[in-house]
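The transmembrane segment annotation in TrEMBL covers B:5-23, B:43-61, B:68-87, B:93-113, B:125-144, B:164-184, B:214-234, B:271-291.
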Amino acid sequence: MTKKLQLDSKHLPLIATIGLFIVMFIFGSLRYTGFFSTQVFLNLFIDNAFLIVVAVGMTFVILSGGIDLSVGSIIALTSMVAASLTMNAQLSPVLVIPTSLLVGTILGFCMGCLIQYFNLQPFIVTLAGMFLARGLCYLISVESITIDHGFFSFMASTRIPVGGGNFISISVIIAMLVVIAAMFIAHYSKFGRNVYALGGSEQSALLMGLPVAKTKILIYTVSGFCSSLAGIIFTFYMLSGYGLHANGLELDTIAAVVIGGTLLTGGAGYVAGSVVGVLILGIIQTVIVFEGTLSSWWTKIAIGTLLLLFIVLQRVIVARSKTNQTSVSSH
Amino acid sequence: MKSKLFWPIVILLIILLINLFFDKNFFTIEVKNGYLTGSLIDILNRGAPLLLVSIGMTLVIATKGVDLGVGSVIAMAGAVGAMTVSGASGDSLVPLFTAIGLVIGISVLTGIWNGVLVSRIGVQPIVATLILMVAGRGIAQLITDGQIMTVYYDPYTFIGGGHLLMLPFSIFIVAAVLAVASLLTRKTAMGLFIESVGTNPEASRLSGINSKNILLMVYVFSGLCAGIAGLILSSNVASADGNNAGLWYELDAILAVVIGGTSLNGGRFHLMGTVIGALIIQSLTTTIYSIGIAPEINLVVKAIVVLIVCLLQSPEFRKKVFGGFTAKKTEKKSEGVSVS
């Protein structure tokens, strides 16, 4: 009996998130004409493909009990590197894309090493990474670099029909592939299990003989890679590289992951939840666009309120599962 | 204590000496128009808001928490302050005191909000304060209606731009807050309570400390410090900008605290270390501008300095780099610190 209850309470944040999304979609559909359409729904994916990819990487970091503040800057840096290599160095996309992807991966790897080997706080190390990546952007160029290249325009403007006159973009497909891969890794691979174990208790993971050091470094490398991939998708979306791109995105990402039901203490949560979290942030924006008269700052207030609701919900669940069973295994 | 403050002071001195290398008059302090002027005074004056926020942040971090909302509180406080005196002119001091009262009220309220979330509902500090960080800036923009509000009222601009005894007035505010914080935490048992809550809230509660109220109190103090910083900032530029006022202050403040030797894991805190940490960040910014390095590199330099300071403070790093003999010494030292 306890087991059934525990399973329910574990899924509750995710169910609540999905429920909230449906409620908001119905609310929008009733209030605004033209809101209820498949394309509006698909646009959520098109406009937030990059955010989904970052959120997936961030989910692993938060599951392990860490935090990555550098994601927004790495997106900016990747867009800058891609733009500068394409426009200034005139390199072919075959070289540009892998090089740009390496940027975040290497940065993530270095941050992971610092966190693991020198026992520094993830918060501080990724904060330094954030400063560094933003600074490097400005070293490349202070101005925005507009990309004018066949490959990038192709990636940006190609519409893939999905029936009924609706379409998605190539970025959405990339994002979905990342999500599927991440779900597989999180739930069916050794690495995924290690991440959950690490978030549950680093001490126990160490005593169990799990490769804590390797896992930790890999987590930040994966997050860095995801940020860079998101940076590429963002570059397709904006068709430019700029040092101010994705300013403050790290907090949106953390908000999406939290709204998606992942505990910030680590150890519990789902990749799928983060995707729904991103969609909720997206639908808030859409509602505000449809409303027309609401100013953009209401977005911030709405996200803040939602965060509050979900955090309190999480607390209630954790408190309940603690009273239900005394063992540590609850999350 | 000595080992914790040693590296920050060395780094601060190095940064200041680098300045001397580029500008022979860096340490000169002159009297101009009846005020003391000079680069050092300038660093103190411009660093005042960061110093204030960092002092508040130190106590929060000592309880194993973190206050991400301070930047938004600065924006809100600035918006409320500027809003209150926006219509005022002349010499009447009533609007000034109304503004100060409102700002203090609002900042205490934000502190209570964060404190209740953390201490009563039991939300992780980083998440609890994230709410205010996201929503607060929206509220600040709501107050100013998204505009940059300009103030034409001299008593208000005195807070951040005025002088007292030939020194900038803001320095006195910082000194007063620092004095109050030091007295409360070092001359009363309060500091010990905060440290014990930061080390183990459950054990502190069992030993009779009201850890919930201690937590609530540090967040209120942090909110108050941020509010006053917002007042100084908005008064300094005689305007309120809901969008950009206090942007990234929370991160700078956390850095100042960490550079000052207070661990993000809570426990022992060092107010003087924080002051030095905040001065390092401020002098770094000033140096980068005065040496003529392109401001773009500012962030890169900052990142590198942060990493160096943090690495120097990491026992693991010292063990690995300085090796055998020093390792034993550091171990002993760090043991001594944790016991004291």
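Cβ atoms here come from the backbone N, Cα and C positions, even for glycine.
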Residues of the parent chain within Cβ reach of the transmembrane segment (B:68-87), under 8 Å, 6 or more residues beyond its termini: 49, 53, 56-57, 95-96, 98-100, 102-103, 106-107, 110, 114, 126, 129-137, 139-140, 143-144, 149-151, 153, 156, 222-223, 225-231, 233-235, 239-243, 245-250, 253
The transmembrane segment (B:164-184) versus listed stretches B:43-61, B:125-144, B:214-234: most Cβ pairs under 8 Å: B:43-61
Chain residues in Cβ proximity to the transmembrane segment (B:43-61) (below 8 Å; excluding those fewer than six residues from its ends, i.e. six or more beyond): 67, 70, 74, 125, 160, 168, 170-171, 173-174, 177-178, 181, 185, 194, 198, 218-219, 221-226, 228-230, 232-233, 246, 249-250, 252-254, 256-258, 260, 262-264, 266, 269-271, 274-275, 277-279, 281-283, 285-286
Same-chain residues at least 6 beyond the ends of the transmembrane segment (B:5-23) whose Cβ lies under 8 Å from its Cβ atoms: 39, 259-261, 270, 272-273, 276-277, 279-280, 283-284, 286-287, 290-292, 305, 308-309, 312-313
